[in-house]
Amino acid sequence: MSEEDKTAASAEQPKRAPKLNERILSSLSRRSVAAHPWHDLEIGPDAPAVFNVVVEITKGSKVKYELDKKTGLIKVDRVLYSSVVYPHNYGFVPRTLCEDNDPMDVLVLMQEPVVPGSFLRARAIGLMPMIDQGEKDDKIIAVCADDPEYRHYNDISELSPHRLQEIKRFFEDYKKNENKEVAVDAFLPATTAREAIQYSMDLYAQYILQSLRQ
């Protein structure tokens, strides 16, 4: 057989599929469960004063993201019906539990928007009592502990009246076009916020103990 015939014959033969990397095969056969931000992320050694926050909603966003409690992923709940946007980054404190069976909500004041699903260290400076459609839905007001412009704040009384009014009016108005009633009361100090976080930590611990006993 001539060299030209050999070349033509080899070209006609089907190419063999490359072998998959053994590491890929190994990882596919032994898949591990993905970490859940609510249960697997630690709250932090300095809680309830300084604690981790998982960001769900970016500052300036009109999209209402929220934690999908089953998968641990951040899902789109809805787009806000009004023209307002979230004034600051919004998320939750891991390993906490409130009476509504959700983790503790937090609004984090800082300079920049943060990508949903990331986490940061925050310091509680106050609490905003809120009733959402007849149910208690208080919000912790916090500052990013690693933002040089905000980390020196220790109590909500140190914020300007305009900033407080901005936060209050957002939560009062953001559901009006959905015909849902939200009532916001006067802001409470950092000591009250820390007590609320500690209570939610204790409630979460009780929930875990009950789950283990079942």
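Backbone N, Cα and C define each Cβ position, glycine as well.
Sequence annotations record features per position, and here Swiss-Prot assigns substrate binding site to LYS64, ARG78, TYR90, TYR174 based on similarity to another entry. Annotation for TYR174 (substrate binding site): same-chain Cβ neighbours under 8 Å, separated by at least 6 residues, are LEU80, SER82, VAL84, VAL182.
Annotated Mg(2+) 1 binding site per Swiss-Prot: ASP100, ASP105, ASP137, in sequence order, evidence recorded as similarity to another entry. Sequence-distant contacts (6 or more apart, same chain, Cβ under 8 Å) of ASP137 (Mg(2+) 1 binding site) comprise ASP100, ASP105, MET130, ILE131.
There are 21 other Cβ atoms within 10 Å of the Cβ belonging to ASP105 (Mg(2+) 1 binding site). Marked as Mg(2+) 2 binding site by Swiss-Prot: ASP105.
Summarising the annotation, Swiss-Prot assigns region 'Disordered' to 1-20.
In sequence order, ILE57, VAL76, ASP77, ARG78, VAL79, LEU80 are the residues of the chain that are 6 or more apart from LYS64 (substrate binding site) and have a CB within less than 8 Å of its CB. Sequence-distant neighbours of TYR90 (substrate binding site) (same chain, six or more apart, CB under 8 Å from its CB) are VAL55, GLU56, ILE57, ASP105, VAL106, LEU107, VAL108, listed in sequence order. Under the three-state DSSP scheme, ASP100 (Mg(2+) 1 binding site) falls in the coil class.
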